[in-house]
């Protein structure tokens, strides 16, 4: 049968057995027979379902068959991974449509392979872009990028990828591909790498490593890919960048990795950390973590370098106490030779603790230098005596500082070394009689009687007379005490006075303190004696804040408020003392006296912000009626945030609004007025402030507030707010609360914005008010609304004028037929004729003309002929006029039409004559006589019939030229 080419019979025969046969030859022959008989659907089915045919053989046969529909070939190649061959064949056969069918309908997942194959055969980028664009199915974007990237054609995906991103696609593969394109094209890649949240940092970082390691750093840093970032920095010697990353990263474990001894790049990294990175940071946490990392890594010398850079050079951390301590202590452990340098350069370390640690580490000179630098001279000489054990240096130091405690310590050391004469000299210089027993014993042992006499004389003059003076006071012999202190003596009057004051002997203390002019102690003593005026006088002479406080508090306790105020005026000028004074008064409920004190203090030359602020707070608590006046006078001199809190706690809403206004917190001011309108709201003030708010949402809170509280003023408010209002949202708001009519004046004021929602609402209000004139003016002036919807709404309105507006709207939207029909329905014939003429559509005009004739409207018929003259066909007009016996009405139209035809013929004849003359002139110029091949037969012209127009029809004859249709009296 095959040999006889009985193809159809073969097809039916094989069709009965193919579904049960496993023979590849049967399946192949069936495909052949189905192809030759045009059974393409059956070919598709076998290619899709059969597993028995030889794919290569079938593919070659289908290619040779050159089917109109390549779907069977596509199915075979898709099923058996022969996509490359398929694409090559289809492209060379100019069957791009079949390729599009393959990737869009058959198997979108094959798109990457198809694109790769097309690039191999140099297919145009536009075709490939179109192919990608139409493929809506899911395919592997990474695979597509890989195929394109392998051929260095990644840029062709740019627009497609950007469109996906603009659609909100967050797929990682998309953003990875886009990142690669931006990097290769240098299209601001830094911004993309920093700001994009969706690309894979590791993938893009790896991609950038060989292209630009700085871009790799950006990607790795964004994704915190620590190991990769360290590797790329080490490979490219980007140690400065690595140092910056580590400092910002603040990860102790990561520091441990890079500072490990096994890291060959540790030294270069440390150099960059020390030299550059830490000088760039101002965050103490960065410094803290970095220093801890160096400590944990046991790198004392490197830590010293680091701390020197931070502390010794001019930086934000130069005065940091902990860092200075750490630098000195680290140097003690690692390099003691540098400790002295640090001690001299630094000033803000814990001197006593550092010095004691230095002594423990046997750094005696350093300990001595610390004590000496910070003026702890008693401890300094102790180091020289006990640790350095050099009494000569100790003596030189004592002479230099000349302090009793230093001489006393030196004297005891000299006495222990049996240097009696030197010890007595030192005790005398120290004026220290306390060691008389030890001195006497040592002098007896060494026969230094002259030195003992000198010491005992010093002891008698100081110690004994001091004790005698105290004994007078203790026994109440005040007269003898006064006589004693007026005579020359060596008593320590200050010491005796302090002892008397401690024991409550205030009269004796008064005498003693007066004698040495210690007015501070005298004032305190007079307070104890109840002599408050005297205490105030002594306080003036002492002029000490501490003394003034003691006197003031005592006067308050005894309710001597006039004197307390005198003292208080000297206290309040010190901002640090103000809180304590105020609390003292308030805790004892002396509010009025405290307010009076601060009021009097405002006029002082040294009045400061704290005084004005605290007085405002006191007014808010105890005299609210005075607060507003105070704020209006001194608002610029108060601490507004502090007074704001006080006013809010006292519920002084009006004052709170005033402060918010001055502090430029307009949002809070508006909210306060809205929440407390009775006390805080003032119309003009509110309108001034509300325009300055930062949060536009408050506009709508203000609108709701006025709607509830002052609806009659709402339109004024809206006009103030209009520059920043969203008119659409505003209209929606009033629609929701059903108050559009209330704000109609405002809506009309701002209609010039031509906002759609606003226009539509106003139009609805005009309809509800049956104000057709305003509606007509609105739609004529402002066109931003749904014209058709409004026209449909008005189409069946009960008032004629609104239906007329509906016709006008239809006309404005080129719905001429509906517009004319509405006019006909309402017998608005003039409007109908105008709209028909404006439409410039003969069928509409003729339809209207037939309507007039059917209704017997002869005058309208005649008027229509005039108004729509240009759009009427003369034969139609003449026929209808003749049928309806209205030829007389149509005669002006016909005359004008004939006149127009005549004018056209005249112009044609003139043009023909001019053409002939031009041809004749050309022949004459060229010297050759050329017979014109085509000549129009001339009709009689105006030249042969003066003042008459000739027509090509023989039955009409000539008529006088028309003077213009509109000149007939009938149309006037």
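Cβ atoms here come from the backbone N, Cα and C positions, even for glycine.
Automatic prediction, not curation, is the source of TrEMBL annotations.
TrEMBL has this to say about the protein:
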REPEAT    1-127  repeat 'CHCR'
REPEAT    132-271  repeat 'CHCR'
REPEAT    278-423  repeat 'CHCR'
REPEAT    427-564  repeat 'CHCR'
REPEAT    569-715  repeat 'CHCR'
REPEAT    718-861  repeat 'CHCR'
Could you give me the DSSP helix, strand and coil counts for the repeat 'CHCR' (718-861)?
111 helix, 0 strand, 33 coil
By DSSP, what is the split of the repeat 'CHCR' (569-715) into helix, strand and coil residues?
115 helix, 0 strand, 32 coil
Across the repeat 'CHCR' (427-564), average pLDDT on the 0 to 100 scale
81
When DSSP states are grouped into helix, strand and coil, how many residues of the repeat 'CHCR' (278-423) land in each?
113 helix, 0 strand, 33 coil
